[in-house]
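Q: Take a look at what TrEMBL says about it:
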type: COMPBIAS; residues: 215-230; note: compositional bias 'Basic and acidic residues'
type: DOMAIN; residues: 135-174; note: domain 'STI1'
type: REGION; residues: 113-134; note: region 'Disordered'
type: REGION; residues: 196-242; note: region 'Disordered'
type: REPEAT; residues: 2-35; note: repeat 'TPR'
type: REPEAT; residues: 70-103; note: repeat 'TPR'
type: REPEAT; residues: 249-282; note: repeat 'TPR'
type: REPEAT; residues: 388-421; note: repeat 'TPR'
type: REPEAT; residues: 422-455; note: repeat 'TPR'
type: REPEAT; residues: 456-489; note: repeat 'TPR'
């Protein structure tokens, strides 16, 4: 019963109905209060509703019940992060990584927490010069003013101004350079006195009259003349070059897309790689290359590119849809690599993380497919008719002793080992009837008949449940349907007789 409530909770979570998911997981916990997975799932549902305090309580309970389970620490870290308890979140993720060093969910969570910690640090003090050095306006002013225009032809000056533009607070490191002082005056609309304009300076008594300057050599004069020549205004090319690189990167991407459509995968990879080299601020080049690797069956390379795309996307604050696409492709690769039910856990976790970034129908379908595949494999791995028979016999012994809850437990284990056994369903239906759990008993009896329509016990169980539910006409129909398969079955005949007795007033 707890598994059924858990399954309903998972289904509600997958469709985004987190309130219903919390309700179902709570019901499951009431039936199985020591199941750490249930607390973990409810913690995720609370977090999706931004109820981080409740999510934290469930995460702590998860870790308490299963301290060696890495996912518990993932839930703990997410809850702390939601409450802005950043250092606690970092500690939780690190603890989880000590248990499972290769867990991508924990790595990603730790990266998010550390990024939040960096953002929370105090911002640097504002520049006392305001926005004088910001943007292309600085270069336009220096180009327009004749006194600074010539400096833009000098690489060392351009480099100094770029450094100042990048870190204005370091201006004092360059003030000894007269060109920087001149540029500062132009940018702030302030006139600084030139160093040689000193005709009004006092000359102390006894100071000899200055000697006339020595004649200049021709070579020095030529250099001086060259300095005086005003060059043509210089266009700042850095931004232009960046735009050209981005445009070229887009062209490489388009060539890659065309090659991909033609299934020329090696060419596509070559073009996407060139695009990445030209522009590392667009993660679509990485996700596209990952798609090619996925198509080629090179799943490990696909996963590696997706991890890079997610990491880079978070650094650049890229669109959530792009990050979700990378995570979805990673999940698809992980699902393709799965060889047992446990392998699907990473794929499922990755798909869930993609859905938290952006809810996409394709990702949701992939998640549902992965969960179904995991469940099917679990059943295959757990299937063992011999052990199922042993569990059913244990259930029979407890039934004879009227220990019906214990009998239900063994019949349930028998069905996990062999879900196609109609006898186990029939026996568990009898237990549920004894316990007064009539809806559960009816469901098991119907499943028994579905698996083997000729098994008379199934009709006996179903009719008995319907009779106790006072659905007498339905009970009669069930007994009659069973007698079609086994006309002389005494239990079915007794059921019909019981119906007639209960309805004797009709025959007065």
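Cβ atoms are placed via backbone N, Cα and C, with glycine included.
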Q: Cβ under 8 Å to the repeat 'TPR' (70-103), counting only same-chain residues 6 or more beyond its ends: which ones?
A: 36, 40, 43-44, 46-47, 50, 52-53, 55-56, 58-60, 62-63, 109-110, 112-114, 116-117, 120, 349
Q: Quick test of the contact rule: Cβ under 8 Å, at least six residues beyond the ends. What residues does that give for the repeat 'TPR' (388-421)?
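A: The answer is 379, 382, 427-428, 430-432, 434-435, 451.
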Q: Going by DSSP assignments with H, G and I as helix and E and B as strand, what are the residue counts for the repeat 'TPR' (422-455)?
A: 27 helix, 0 strand, 7 coil
